[in-house]
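As written in TrEMBL, here are the features:
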- 71-95: repeat 'WD' (REPEAT)
- 105-139: repeat 'WD' (REPEAT)
- 149-185: repeat 'WD' (REPEAT)
- 192-228: repeat 'WD' (REPEAT)
- 236-278: repeat 'WD' (REPEAT)
Amino acid sequence: MGTAAGAGALRLPGLHGYAVEFSPYCPGRVACAAAQYYGMAGCGTLAVLEQNEAGVVLLRSFDWNDGLFDVTWSESNENVLITCSGDGSLQIWDMAKTKGPLQVYKEHTLEAYSVDWSQTRGEQLVVSGSWDQTAKLWDPAVGKSLCTFKGHEGVIYSTVWSPHIPGCFASASGDQTLRIWDVKTPGVKLVIPAHQAEVLSCDWCKYDENLLVTGAVDCSLKGWDLRNIRQPVFVLLGHTYAIRRVKFSPFHATILASCSYDFTVRFWDFSKPNPLLETVEHHTEFTCGLDLSLHKRGQV
């Protein structure tokens, strides 16, 4: 992946990063959702970073009065982002403005832990997942949620739109399941008993609409084919603590990356007999956020 060679670092003193997302518009631009005191108390910061000749620089930052746990870029405006926070609210920010947020949506009754902006054409929808065991559907132009999805029996840690199927998203939960939802129907489409442990992250393959991956507290990654959920397509072992986030590569159908409370980022190719490609040990604390650039092949 060429990870170590082109690595840039920026410290955010007093803040712990929870999520990072590359801008879909500007190569080298990254949003980071961060919180004080590991998100257990204190405030949060949205930091927008940019890589240039000087290294990684802080382009813009916004503060919120509770920890920020996730961030997603607008798919319709290069300056707009949405974060979610420990007070159960979602915040819309505009980088073109010095202060913010533009809007706050407060409907979740517990921590809002996940937020994602739809990537399929023809819809501008946002999904959020919360510790209140619900996922909510939002149109950023409307001041309240469009729909609430109930069914999980534990905390929702991750909600991710399908990059292929409009109106379809996946959720990963502390109830040990991966669930597939359709915004046109209120009930769950599919329940996959993915792990015998809390599932902290999930992602869709960018090249196969039926393939997802889950990462869990049991230190394993599992691949799931929605056409046959009786057993996983692959199981990847190597992390020594809970897997905090997993992402498929935008450039390779069989490559994915994961990060963990074991301080490492690992790269995998599940098509190979020895799937672990590389282990990166740059971090000296829990590694919670991870993203792969859409613009630069191999940039993480």
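Even glycines carry a Cβ here, placed using N, Cα and C.
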Folded-back contacts onto the repeat 'WD' (236-278), same chain, C-beta under 8 angstroms, at least six residues removed: 1, 3, 19, 158, 198, 200-208, 213-223, 284-294, 297-298, 300
Per Cβ pairs under 8 Å, the stretch of 71-95, 105-139, 149-185 packing most closely against the repeat 'WD' (192-228): 149-185
